[in-house]
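K.L.:
My structure is below; once you've seen it, I'll send some questions.
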Amino acid sequence: MKVKPINLFGHIILLVGGLVMIYPLIFMVLASTFTKQEYAATVLGPFPIAIKPTFANFRIIVGAAKDHLVQIYFFNSLFRTLYSVVFASLTAFLGGFVFARLRFRGKDGLFLFMLATAMIPGVVALIPTYIEYARWPYAGGNNIFMGGKGILDSWWVYMIGGPALNIMGAFLVKQSMEKVPIELDEAAKIDGASTFRLIFQILLPLQLPILAFIAITTAQATWNDWGTPFFFTSSDKLQTLPAAITRISSIATSAGVPDYPLMITLGLGITFPMLLIFFFFQRFFVQGLANAGLKG
Amino acid sequence: MANEWDVSGNAAASRTFDGPTGWRKFYNNHRDVIIAAIILGPMLFWWMVVSGFPTAFGFLLGFFKWGEITASPKFVWFDNYIHFFRDPQYYMALWRSIWIGLLVTGLNMLIGFLIALLMNLSLFGKAIYRTMWYVPVVTSVVATTQIFNIFLDINNGVIDNLIKRLGYEPILWQYSVGWGVFWIVVYSLWKGVGGMALLWLAGLQAVDPILYEAAEIDGANRLQKFWNVTLPGIKPIATYAIITGLIGAVQIYEQVMFITLGGPYGQTEVLVFRILRDGFFDFNMGMAGASSVVLFAVVFIFTVFYFRMFASDNEKSDPRRGRRKRQ
């Protein structure tokens, strides 16, 4: 079998570069088998091998810890992610439907406005959002605007904020839905389908690839989002996995030597589910990107 | 809620000779607006709460001096903005955001494009390569910056240990501005290049194969095909990638926050990190607001530039584009 030189070159670059890309993960897997004492005593090389490998760190994450906080973090992350995925897909799909299929005055203006505001840096709204949450009317001990902590440090922070509302997703769905011929709607109309049925039984199945793309990217964004818990919550019961890493590191440091292997294992625990999701749904990524109306 | 079409069985049977009346007539005449209002109403309200109102608030904040969250804000006109452009801490942070952003975007696009070209070859096992390169994108920032910190640690850092083993002096990464920026850029590239490559790949695969065949019939060689077919074909995605990349890159702060913490002496501080510090740790709400408006102005310039390029490009290259007509 003869290999073309350009293909050989491609194999070498992609393999070597790809190994560099996943190297930090390899390091994480290796380091997670250390105990705290052995880790502190080892002069770390690029590929640290534990003399006495242990799965104690994994066991702590899966449920051996006394306070079960990691389980709480995990379920917070999971529920939050599910919630965001459901609502982001729903808002993206319905918004996309409105802007692709309905006609009303001011539609284009409204759409451009919403899209333009999606370009505003998130940090502009971050501090005002904090104040808004703290002054939320009649919540968390507020008499109208003042007095308590508002909805800060409560589940409402995750319900309202974060990636649960997806304007960019509406844009993607709009682009994708405009490729579906309008005659399909009319045929359904003539066959007696209600609007509800048209939206959910006829248009929805055709948008599943782009919705899968939106769902996966939202799942990633929410799962990895450390900002919302970091800025808007403080109690232990509300933390998610990424926010917990920063916490564990500060708690561990105050007790002396930081428990790096445990932190690394937790990091692996965060990364692994997203890797699996990407691995199984990667065709939607390329499809989604190609569908996003960016074709030449 | 009545949301049947006027031709559905029920409505047709009950319809009088003059057509539907009352609510049904109103509904039929304004169907689109009503459905749009039902769907968009709650969405717009939600959007106002999480985005519209805080953003407007943020813009106003720049005109106030607000030291403590309990004290009442004082209107100071443009004092915060004047302070922004007088204090090197601020304008240097803005400048750093821009040049680090340009550097990251440029390298990211270049490397991503070369990788996408290689991924576009029909190689054996390319799905595995694609996954490998995309892995950093799906990882969590807090988890992977921790690993970078372990690599750069002063006492037992992996890279310093390696340097020592090779017989050189270890480098104190945390005490050097140049190395701080270097590792911020390296981390950003590691995290971003896979996504960029996949974006380019989608663009490359969207180029119509017929164009390549036509070029081949005309006797074009590999380089000519690349220059005359591939490059024009991926221009829309290139514009998209450049501008969204720039907009994203001037806003990087997680790298700075978790790797260098702005140090040494605030010399690697970027503007977004400065805004966070002002807002959440120093309670200097006015300056945080003013700085974020300045950042928005920079992003806005990029965005206008993007819409100019992207819109004019679409008109030229795609004659089918235009307002879609019903019926």
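The backbone N, Cα and C atoms fix where each Cβ goes, and this holds for glycine too.
Since this is a predicted model, take the numbers as computed values, not measurements.
TrEMBL lists these features:
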type: DOMAIN; residues: A:74-281; note: domain 'ABC transmembrane type-1'
type: TRANSMEM; residues: A:12-34; note: transmembrane segment
type: TRANSMEM; residues: A:82-102; note: transmembrane segment
type: TRANSMEM; residues: A:109-131; note: transmembrane segment
type: TRANSMEM; residues: A:155-173; note: transmembrane segment
type: TRANSMEM; residues: A:194-216; note: transmembrane segment
type: TRANSMEM; residues: A:260-281; note: transmembrane segment
K.L.:
The transmembrane segment (A:194-216): which same-chain residues, six or more beyond its ends, come within Cβ distance under 8 Å?
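P.N.:
The answer is 85, 88-89, 92-94, 96-97, 101, 166, 169, 172-173, 176-177, 180, 184-185, 188, 277-278, 281, 284-285, 287-289, 291-292.
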K.L.:
Among A:12-34, A:155-173, A:260-281, which stretch has the highest count of C-beta pairs below 8 Å with the transmembrane segment (A:82-102)?
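P.N.:
Out of the listed stretches, A:155-173 contacts the transmembrane segment (A:82-102) most.
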K.L.:
Could you name the stretch, out of A:109-131, A:155-173, A:260-281, with the greatest number of CB pairs under 8 A to the transmembrane segment (A:12-34)?
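P.N.:
Against the transmembrane segment (A:12-34), the leading stretch is A:260-281.
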K.L.:
Give residue numbers and ranges for long-range contacts of the transmembrane segment (A:260-281): same chain, 6 or more residues beyond its ends, CB-CB under 8 A.
P.N.:
25, 28-29, 31-36, 39, 57-58, 60-61, 70, 74, 77, 212, 216, 219-220, 223-224, 241-242, 244-245, 248-249, 252
K.L.:
The transmembrane segment (A:155-173): which same-chain residues, six or more beyond its ends, come within Cβ distance under 8 Å?
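P.N.:
Non-local partners: 76, 80, 83-84, 87-89, 91-93, 95-97, 99-100, 114-115, 117-118, 129, 133, 136, 139, 207, 210-211, 213-214, 218, 221-222, 225, 228-229, 232-233, 238, 288, 291-293.
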